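Heads up, the thing below is written out as structure tokens.
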Amino acid sequence: MMQKGSQASFVSQCSVLTRRSFVNMYRDLGYYWLRFAIYLGLCFCVGTVFYDVSHDFGSIQARGSMLMFVAAFLTFMTIGGFPSFVEDMKIFGRERLNGHYEVGSFVLSHAVSSIPYLIIVSLIPGAVAYLLVGLQRTPQHFTFFATLLFLCMLLVESLMMIVASIVPNYLMGIMTGAGIQGLMILSAGFFRLPHDLPSWFWKYPMHHVAFHKYANQGFYKNEFLGLEFPRTNNAGEGAGLVPATIDGEEILRYVWEMETGYSKWVDLGVLVGMVVVYRAVFWGVLKLGEKIKPILRGGGSTKRATTVDVDACSDGENAV
């Protein structure tokens, strides 16, 4: 048996913690399985609402709305696992007192153990919605769609783990996470186009730090580039003044006001970087908490000790 303060190697710590987290996630129905069932039902509903979307001009708005729902609401539902995150943090707090593993081992193992479940949660419901709606049906396009959805869910989980380490109360934590995501969704550029966002706060910095911006751009570029749609107003077409169709790049640039100077893979890379940053912040919050809590407890202990000493002196004087 390991004595208090002794530690296994970092690899052994990660291996044991990953295996234990994986089993706990499998056994806890509320961790992923309930969310999987809800995602499956929601994606079926999305698929029936936007079933076999056409290629006319009105389908531009339909495709954009469907992709926005996937990028915003499906990832928003990740906050449903917050109670399980809080329980993980409580276990971590108790076990960390024994010093048997490092903070980095816990952060890394939790991320690794969640990946298989997030792949299932994003791949199967995403395929239902994707096929029913009739988006670009090539393996490359669907693979990018599923990968982007997976990264969004992994990113929101990282965000909620940060919230769980700061706000351990279920209700307050869910409200905090929902509020943060609400701000990001509002400033992502769908409900209010980027050029129409107020410059202060909403565009700088919120629009550029909100992961929904890059998720939307990735989804939209993946879907619209390579497609052409007929224009609603063909006046002057016969004279060659107005083209009969509008291509995907024009739609991204002028309809959705998105940044087309870089490819969808850059947006994917930004999301990967944000996942790493969020996990690093999670690690930093845990380390900072370990340094602050002893100071706070130490201050309280000193105050109590002073009170006890004063009382003891008073008792001694009375005895004399």
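One is the number of the first residue shown, and numbering goes on along the chain from there.
Yeah, the Cβs are placed from backbone N, Cα and C, and that goes for glycine too.
Per TrEMBL, the feature domain 'ABC-2 type transporter transmembrane' maps to 13-224.
The transmembrane segment feature in TrEMBL is assigned to 32-53 (among others).
Remote same-chain partners of the transmembrane segment (65-86), defined as residues 6 or more beyond its termini with a Cβ less than 8 Å from a stretch Cβ, comprise 25, 28, 30-32, 34-35, 38-39, 42-43, 46, 49-50, 53, 125-126, 129, 133, 149, 152-153, 155-157, 160-161, 163-164, 168-170, 173-174, 177-178, 181, 185, 188, 190, 212, 215-216, 219-220, 223. Taken from TrEMBL, the feature transmembrane segment covers 65-86 (among others).
If you look up TrEMBL, you'll see 106-132 (among others) marked as transmembrane segment. Same-chain residues lying 6+ beyond the ends of the transmembrane segment (106-132) with a Cβ under 8 Å from its Cβ atoms: 13-14, 17-19, 21-22, 25, 31-32, 35-36, 39-40, 42-44, 46-48, 50-52, 66, 70, 74, 88, 92, 96, 142, 145-146, 149-150, 153-154, 157-158, 161, 279, 282-283, 286.
Positions annotated as transmembrane segment by TrEMBL: 144-164 (among others).
Long-range neighbours of the transmembrane segment (170-193) within the same chain, counting only residues 6 or more positions beyond its ends whose Cβ lies under 8 Å from a Cβ of the stretch, are 64, 68, 71-72, 75-76, 79, 82-83, 86, 156, 159-160, 163-164, 202-203, 206-207, 209-213, 215-216, 256-258. Annotation source TrEMBL lists transmembrane segment at 170-193 (among others).
Residues or ranges marked as transmembrane segment in TrEMBL: 265-286 (among others).
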